[in-house]
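*Asks:* The following block contains the structure, expressed as structure tokens.
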Amino acid sequence: QDEETQHSLECIQANQIFPRKQLIREDENLQVPFIELHGESTEYVGRAEDAIIALSNYRLHIKFKESVVNVPLQLIESVECRDIFQLHLTCKDCKVIRCQFPTFEQCQDWLKRLNNAIRPPSKIEDLFSFAYHAWCMEVYASEKEQHGDLCRPGEHVTSRFKNEVERMGFDMNNAWRISNINEKYKLCGSYPQEIIVPAWITDKELESVASFRSWKRIPAVVYRHQSNGAVISRCGQPEVSWWGWRNADDEHLVQSVAKACASDSRSNSNKLVNGNCSRDFSNGGDLSDVEFDSSISNASGAESLAIQPQKLLILDARSYAAAVANRAKGGGCECPEYYPNCEVVFMGMANIHSIRKSFQSLRLLCTQMPDPGNWLSALESTKWLQHLSVLLKSALLVVHAVDRDQRPVLVHCSDGWDRTPQIVALAKLLLDPYYRTTEGFQVLVETEWLDFGHKFADRCGHGENSDDLNERCPVFLQWLDCVHQLQRQFPCSFEFNEAFLVKLVQHTYSCLFGTFLCNNAKERGEKHTQERTCSVWSLLRAANKAFKNLLYSSQSESVLYPVCHVRNLMLWSAVYLPCSSPSTPTDDTCAPYPVPGSSPEDQPLGRLPKTRSFDNLTTACDSSVPTTNRRSSDPSLNEKWQEHRRSLELSSLGNPAEDPFEGDGLSKQGRALVGAELSVAAGVAEGQMENILQEATKDDVGLEEHLRGSLETAGKGDEIALDKEKRAEHLHG
């Protein structure tokens, strides 16, 4: 009876709290050019120059003669009127949309409509995810036996903390304990309610430490190496200030982390002797590759094993100068004299303002007509790949310390919710193959980004009254870009493919799902987002074949050691570059649930609409059929790879079902990735990008030799292969 009452309330919400709006047509003959999602209501339909334009409470839809633009409103960052008759839309994922109108008045009308539609919500319920869930529940109420938990994440997500403690093998009898000091978020509003600390540290000491750490973000253990017992911890900066304050309890806690590793019943008894007490990689972006490689190879291996206790590595994401400058604001960094048996390293990662500026430069470059002669220098001037390189180097330093040197690591930046989750989550991804599975990756995102308070609402700009542009920054997108770089270097190590990451980028901003709403878990609990919105993991689930990596092997490397040099990184063309072929209109439905009578596991919820270049997946994989904008170096054209891929696609995609999430907010550029595996075969857009790079460097023999030489010195693992023969041998080797 209670369940039926709940269903009735949800139906009332759908019909009364989120009523449909009246449709306004510029022309009575115009029809809504797309199938609406549950809870979606189209407000305006009009004509643009050679196009039909429609605006709903969720999306902007522009149907040109040969292409379709379909973008969620929350993905649009700004709208401007250019050249009197043209609207220029800038998106948060680097895309730019242009739409021409016949008259100035029409252009101004749509400018006003769109600016009203994309402004941050005055209350969170104005975001479409709430209406979408409420109307979905109305459908669920009538079909509850078939679609019980489709909108919910799996048990591996909801019980992640307990499962992770058991999986990583923490010794809860002697070394560690779970503290409930943050129950109901009474200590720190941006931390989870349960945290792992050394067993002998009392809650009273933790309260003292909280008074000394930025935003009360105390050192909390988030990962344990299952073989040697070394751990990764994270926190906010110490509040040293110009007065040089110190806190005995904080110093004791930091040292206790290393002692707890030593007393862990399953940790390795060998301890390491470590080098200098302080190192500064503040010029990480300019640090030579030789210097970086030598810095992480020192004091590692069997030669450095000794009886002395482990030295804890404190990795400060900032430069030394930035850390010292923060003392003027009441922050600062650890003084090695006060933290014995610790080593402090500064990585020199840029702050959110520099990253935002870099991303804006990248967006400007990617929306202009490519100039092959200047492309590489223009890309370098954005510094985007340099920032990725420094982030990868920082994570790799953590991996070396934990895996090879068996040392505990403490990571922080200023507040601990931007650069810190980037480093920690990337390090965990490199260290543990579980996080490279679909379910494990979901747990990783939920833990390091959501539980520990990355400010998604402020950084993405979809929070209540989040008008401050200085708070916006694509921090999570930058991290996903690094994950994409790892996918390229290790194509057999990830269970999910590139399309999975592209979808995750889009739905970080789309607000179709409630996963990335609010700034922390406390706010999400107060707003009841988990109960009132759908989870993005219901779409990006392990059973969804559209996001499976066909090359995945669970027997691949346990620990990944990527190449971090800028010359080995590639621009993420599937996200940043316009699609080489416009999307063709499809007849896919928008129903949020599987087709009745079919198995949910067989429903490719994330299948992306085909493009002109891929009208038929099986023929697109046939090397005998000519394809456009592809090079012989493209691994998808490798003969053995084609045979393997053809056999898998014929068995798994022989009868493709309708895409229930068609219209979930994909812009046309993102639809170039089809449901089959394209994480290595980077698609038409990337093939075009490679042509640009080839054209830009075809006369530069010195650079070609330099790139070839870099492959010979690359670290172990699936190094990224820039040379044609190297890439082909690597994929079917």
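In case you wondered, yes, glycine gets a Cβ from its N, Cα and C as well.
Note that this is a predicted model, so its numbers are computed, not measured.
Not my notes, these are from TrEMBL:
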type	residues	note
BINDING	Asn326, Arg327, Ala328, Lys329, Asn351, Ile352, Cys413, Ser414, Asp415, Gly416, Trp417, Asp418, Arg419	substrate binding site
ACT_SITE	Cys413	active site, phosphocysteine intermediate
REGION	587-665	region 'Disordered'
COMPBIAS	614-636	compositional bias 'Polar residues'
REGION	709-733	region 'Disordered'
*Asks:* Look at each of the binding-site residues, Ala328, Cys413, and point out the one with the fewest other Cβ atoms around it within 10 Å.
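*Replies:* Taking Ala328, Cys413 as the binding-site residues, the minimal 10 Å Cβ count falls on Ala328.
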*Asks:* Counting Cβ atoms within 10 Å across all protein chains shown, which of the binding-site residues Asn326, Asn351 comes out on top?
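*Replies:* Going through Asn326, Asn351 one by one, the largest Cβ count within 10 Å is at Asn326.
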*Asks:* Using a 10 Å radius around its CB, how many other CB atoms surround Asp415 (substrate binding site)?
*Replies:* 18
*Asks:* Which residues, sitting 6 or more apart from Arg419 (substrate binding site) on the same chain, put a CB under 8 Å from its CB?
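*Replies:* Listed in sequence order: Ala317, Arg318, Met349, Leu391, Cys413, Val475.
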